[in-house]
Ligand code: KG4
Ligand code: ZN
């Protein structure tokens, strides 16, 4: 079986053709980094408009590279949750149109589950049940992943996502967007022990939570002190940028590693899977490898090409497709992970 998968949850327009034995026949990712760079973060309206312009050329190029046409495909899969509403709508609308015209089943993909599925693709064998750490620009959460589609939330950030913290600190340091790769690069020249930045909840075993806002503020004060500084006017030496970047990265990595291992300990699971853009961070990969090896826990980290957003991880759709569990054209985007109970509460309140 072969499927076309689409991914437009944030600022990457991506498509892939994958087979049910998880071979990638074609994959294209059109990044919007250039468009958002001047704003040091993703501007949702710009992202949505760029997806509209790019989605069809990206699909056409993917089919060309995979050397398949619609007749060869068994379904169209698309990430429909979570993400930016305008971005999600473009991918879902395209997927619905193709499914309708090509008369193929439509399969909705949960983008977070897909980030962990990147580990499944790389492992080449089953990885479930496992602890899943998802660290990206929009999410920092830990799950008990029972199966590919059954994730139980164990804990996560109470404010910024890890990638978001990287992006914001990079901006304060005058480094380019996206912040993760720029901070890693600067950190390689710096001393991770130069500054002792805060690590929220690190020793509090009762909380499986992350908080990066205090860390961000500590970095901000280190750079410019309280008040309303114009960061572009702050003159930092290369050495200081490197030291701050390395010390900040070390603090984030400490929190992620300690809490991931805490989840492994409390669940008793023996496999830790890590996905999302921040999983590309070299220092995080190194520390996770050390800690899991010491604890005798199996570690699966998404390969570098599948850490940041891509459509290959949409191969998770096969898990549902093979079980005959498909969607129809009423499938709608779900930007946030809103629990039905919350919705019921709102409708009650209005009555
Ligand atoms: O998974 P992703 O592509 O998009 C979301 O679903 O959010 O993650 C993007 C995030 C950005 O915040 C980016 O700064 C971060 O991943 N990132 C990194 C690295 N590469 C990308 N963070 C730390 N170190 C990296 N090497
Ligand atoms: Zn993502």
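Cβ atoms here come from the backbone N, Cα and C positions, even for glycine.
TrEMBL labels come from automatic prediction, so no person has curated them.
Per TrEMBL, Fe cation binding site is recorded for 111, 115, 309. The annotation substrate binding site is assigned in TrEMBL to 134, 135, 136, 137, 138, 167, 180, 281. Annotated domain 'Gcp-like' per TrEMBL: 23-315, in sequence order.
DSSP assigns residue 111 (Fe cation binding site) to a helical segment in the three-state reduction. Separation of the C-alpha atoms of residue 111 (Fe cation binding site) and residue 138 (substrate binding site): 11 Å, rounded to the nearest whole number. The binding-site residues near ligand 2, defined by a Cβ under 6 Å from one of its atoms, are 136, 309, chosen from 134, 136, 137, 281, 309. Listed in sequence order, the binding-site residues among 134, 137, 180, 281, 309 whose CB lies under 6 angstroms from an atom of ligand 1 come out as 137, 180, 281, 309. Mean pLDDT, taken over the domain 'Gcp-like' (23-315), works out to 96 on the 0 to 100 scale. Residue pair residue 137 (substrate binding site) / residue 309 (Fe cation binding site) shows a Cα separation of 10 Å. Distance noted between the C-alpha atoms of residue 136 (substrate binding site) and residue 309 (Fe cation binding site) is 9 Å.
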